[in-house]
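S.K.: Take a look at this one; I'll ask things after.
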Amino acid sequence: MANFAAKIVEIEMQLTDNSFLDALEMSFTIIFTIELSFNAFANWFRDFFFNGWNLFDTLVVSVSIIGAALPNVPGVSVLRLFRVFRVLRLFHRLSSLRIIINAVTASILPVANAFVVLLLITAIYAVLACMLFKSRDEVLFGKFSSALFSMFQVCTGDGWSTDVVRPMFGESGVVDGYVVLFFVSYILIGGYFLLNVVVAVLLDEFASAVDMEKRRLKEHQDTLSIRSSTYYLDPLLEFLSQYQTEKDLKEKIRVIFDILAGDDDKTLSYEKFLEGVYRLNFKATIAITQEDWEVLMEATPETSGKKEITWQEFEQIILAQLNEFACRQASLKQLDADEGTSAVILILKQLQLEVRKINQASVAQDEIRRQMRRLANRIALVETKFDSLLHGEIQNGGRTCFSSSSESEGDALDRVDENAILLAVEHNGKQRQLKDLMEEDEEEEDEEERGCA
């Protein structure tokens, strides 16, 4: 912008001694060259040459260097005129101006199509005007080129009535109907309808450019937020991610638990975690709130709602957090990767999700098996009580009675039957659920075998 202002001053004042302005011009050329060099070094190769603004900067700087190095060569003075276009670099810096330029650039082809239609309509009317009005006005409609320019003048609305149409009414000035119909129809079609189509195309492309610029800024902000955001357990997870074997990882987790909970304590709570964090001596601070701790406890079903956890439960939580940490690190690498590497990272992330689903299904099966064993024990206990009600007798004053004085033998048997039925229904439900899971596992194995084949 300063270079453009200096050029305006030079032209306006018509100075005879331009030594100061020439020195200022050379300074701007050096500054632009250094800036372009840093830009090329930082974005070499593809990101630099596939950017239109970088190519424009390269052209302007190259012309400026040639003009400064070879001032006396014929034709260089014409090339130096390109230096005026440096002010267009301002459009690249300001987002509002960049939106307008992007809208105009994107609308070139649609607007060109609309102008082609307008040119065809104008050419048709120019041919008709030559055939109809050549005898009335040889200057305006004697040749096709003259008629085409006259119709363009009519389309712009510049003196079309006083300079073009009314002189053809003759000295009497009586309105000629078909002359009026000819030119008014052309103005309605070309001047109002087709020109408004061009404006509509520009507005549509401008709206699209605004939306695209907003999406680009949002993606840029999202990228920056992903790069700058850190999870509160990331320092701990980064340390644990450097494990060699599974045994090594679990040993590290146990050591971390002992440091956090204390050597003599077997459980870990939020308060103990806050105290133990300072004993880890990590460079990065682990800041965790009570709400974060509660969310952390929801990571596994075994710790949901608990205030204190054992080291086995702590291990399960950390393993789940390590999976999420690996996914976040892969996403960061994906931002800077090329298309091929990004696709590989995406596939790895999908595989990680599938492994997590398999692990969750395995945990669900183990839980169902535990519930089945518990249900079998309850059924066995009910059967024992049922047998005791049928055969066991409690002697009370020489009479046979049941444990409840207010409950008859039939009522007690009915109650036991109801409990047995409820347990049996629950047992059947667990069996069906387990059967469904086993069938799903068999289907997945069949699909894997077919894929390998």
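Heads up, the Cβ atoms here are built off N, Cα and C, so glycines get one too.
Because the structure is a prediction, the values reported are computed rather than measured.
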S.K.: Given the ranges 20-42, 112-134, which one is assigned the annotation transmembrane segment in TrEMBL?
M.R.: 20-42
S.K.: Do you know which of 388-409, 432-453 TrEMBL annotates as region 'Disordered'?
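M.R.: In TrEMBL, residues 432-453 carry the label region 'Disordered'.
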S.K.: Where else in the chain does the transmembrane segment (180-203) make close Cβ contacts, counting only residues six or more beyond its ends and a cut-off under 8 Å?
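M.R.: Result: 103-104, 107, 110-111, 114-115, 117-118, 121-122, 125, 128-129, 132, 151, 154-157, 160, 164-165.
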S.K.: Pop the mean pLDDT for the coiled coil (358-385) in here, whole number is fine.
M.R.: 71
